[in-house]
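Look at TrEMBL and you will find Glu157 tagged as active site. Among the features that TrEMBL reports, Fe cation binding site is placed at Cys114, His156, His160.
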Amino acid sequence: MGGPADMLPRGYFFVEIWYNMPEVREMALREIRKSGDEILRKKSREIQEVTDRVRTILDDMAETMYHAEGGGLAACQVGILKRLVVIDIGEGLLKLVNPEFVLQKGEQIVEEGCLSFPDVWGRLKRPERVVVRALDENGKEITVEGTGLLAKCLCHELDHLDGIVFKDKIIEFTE
């Protein structure tokens, strides 16, 4: 065979392939903005076109969310005022561009926390069922229906896009 991998001592792996594959990119962890950062109170702007840059941001957001052991993350939480959300509550990763509510129905009392307010937990009212329309990471229109936990997470993250933090809606603080 005579390739570069043949020159390595036994037990070593040749990884040049990763450097020569343009589609492979190491994702970046982004800093999560915390309580008191004014960006958390600002309204996010719509994405005009889903580009590679938008997909990179979504990938970085997902990596950051998983690293922080969260269930969702809005772009403003990593310092980007764009209408982007990632959610994973154990049913697979959702990447949403320009999400908006189509339906909010019912009511549930939920307990929430937030990666931007790590020491705050509380109970608040959220819709029991929601329907959200958005674009996926390829720019295709999708509809996401959620009840219970998914409805709660969608509401929490979409609130972030409008500069609303869950702490404002707490009816009872918990530990």
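Each position is counted from 1, following the chain as shown.
Placement of Cβ uses the backbone N, Cα and C atoms for every residue, glycine included.
Worth saying up front: this structure is predicted, and the values here are computed from it rather than measured.
Taking the features listed in TrEMBL, we show where each one sits on the structure.
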residue	record	Cβ within 10 Å
Cys114	Fe cation binding site	25
His156	Fe cation binding site	24
Glu157	active site	25
His160	Fe cation binding site	23
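Neighbours of the Fe cation site: apart from Cys114, His156, His160, residues of the same chain with C-beta atoms within 8 angstroms of the site's C-beta centroid are Gly72, Ala74, Gln77, Glu112, Leu115, Ser116, Glu157, Asp159, Val165, Phe166.
When the alpha carbons of Cys114 (Fe cation binding site) and Glu157 (active site) are compared, the span between them is 10 angstrom.
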